[in-house]
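What follows is a single structure, written as structure tokens, with notes after it.
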Amino acid sequence: MSTANPQALIMPADWRDFFALTKPGVMRLVIFTAVCGMLAAPGTIHPVLAFTAILCIAVGAGGAAALNQWWEADIDAVMKRTAQRPIPGGRMDRTSARDFGVALSGISVMTMGLAISWLAAGILAFSIFYYSYLYTVWLKPRTPQNIVIGGGAGAFPPLIGWIAVTGHITWMPVLLFLIIFMWTPPHFWALALFVQIDYSKAGIPMMPVVAGERSTRRQILAYAAILLPLSMTPWFIGGTGVVYGLSALLLSGMFLWLSIKVGLREGQPGDGMKPEKRLFAYSIFYLFILFAMLVVDRFATFYGLQA
Amino acid sequence: MTQPFDNSPLTTAETDALRARQRERNKVMGLILGFLVILFFAISIVKIAAKPEHAPAEGTERMEHS
């Protein structure tokens, strides 16, 4: 259905398009890391409240995603990957997307505040503001470091999950935040190297487009090198046990090894970009397993299987 | 952004399609509201039964990092 079809203009948007507006694919990692942050946090939380907190984090992320698409409809329209999203696809008007995003954001923050705590609600509100305004409106069109800053938005869920349980901020949830923050650039730039994302056409300064492939490869390597000691810091400060510590060493070591292969090579046209694809695939596996090991470590300590 | 409405009357097929979509949306909205009613009821019960904030519940050990 296109905007040229007059029927499309009077038809109210399909509920499935509202659902698509929340970026359900992204939400999977949001929910997973939030649950891990919760399970790894010291303390207990009633299952109903735990469910509510996760739901609020997910709905808040959905609201931010809807606001992002409301703002970026023009940019999405010129990129192949995003041209069929509800607004550029002509299946929804922008106002509906904006109202939907505002409603989801408001409801999730209020519910978090009333059911869990106003600290968790405040951070959730800030994370929505961070993604839908600081990132989407302000920084994304202005700097090739946009992915670095955007990574912050994805780094909030485990932090909020943890704080929902403990009720206060300590070093551990901040470290979880920093790990995802440092993980995002190499993860995304690996993708940007092998998928010729048409960001340049949309006027978005993506790193490989602006700074060139070579500089992007070096930066991937730099972030992976920082990630290795950073991911082990929870163990160093005594926040986790040896189960997590050694897992982080192995997982981040592998991450660094794959990044070295990407970072020190020159891409040739038609070489298939295998190392980049491998790094991207591994980066997703890495984050899932690292956070899972955080939870495993917690239970290992709780049941006396480690000091 | 919003296009001017075409005020010509809808055909029967168009009206049916419109009504069908409205019905679907209403159904989903109803399910969500019903779910929220249950969720808020559950939250209320849990909060009323809970001890003061952040105190460990009875019979559960508090897990603390060393």
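Each Cβ is built from the backbone N, Cα and C atoms, and glycine gets one as well.
Summarising the annotation, TrEMBL assigns transmembrane segment to A:25-41 (among others).
Sequence-remote contacts of a segment are chain residues at least 6 beyond its ends whose Cβ falls under 8 Å from one of its Cβ atoms, and for the transmembrane segment (A:48-71) they are 18, 21-23, 26-27, 30-31, 34-35, 38, 85-87, 94, 97-98, 100-109, 111-112, 115-116, 120-121, 124-125, 127-128, 131-132, 136-137, 153, 157, 160-161, 164-165. Look at TrEMBL and you will find A:48-71 (among others) tagged as transmembrane segment.
Nonlocal intrachain contacts for the transmembrane segment (A:115-135), taken as residues 6+ away from its ends with a CB within less than 8 angstroms of a stretch CB, comprise 49, 52-53, 56-57, 60, 63-65, 67-68, 71, 101, 105, 108-109, 146, 149-150, 152-153, 156, 159-160, 163-164, 167-169. Taken from TrEMBL, the feature transmembrane segment applies to A:115-135 (among others).
Taken from TrEMBL, the feature transmembrane segment applies to A:147-165 (among others).
According to TrEMBL, the feature transmembrane segment maps to A:171-199 (among others). Residues 33, 37, 40-41, 78-81, 147-148, 150-152, 154-156, 158-159, 162-163, 205-209, 213, 216-217, 219-220, 223-224, 226-227, 230-231, 233-234, 237, 239, 255, 259, 262, 267, 273, 276-277, 279-280, 283-284, 286-287, 290-291, 294 of the same chain sit 6 or more residues outside the transmembrane segment (A:171-199) yet have a Cβ under 8 Å from a Cβ within it.
Positions annotated as transmembrane segment by TrEMBL: A:243-264 (among others).
Feature annotation from TrEMBL assigns transmembrane segment to A:284-305 (among others).
Between the transmembrane segment (A:147-165) and the stretches A:25-41, A:243-264, A:284-305, Cβ pairs under 8 Å are most numerous for A:25-41.
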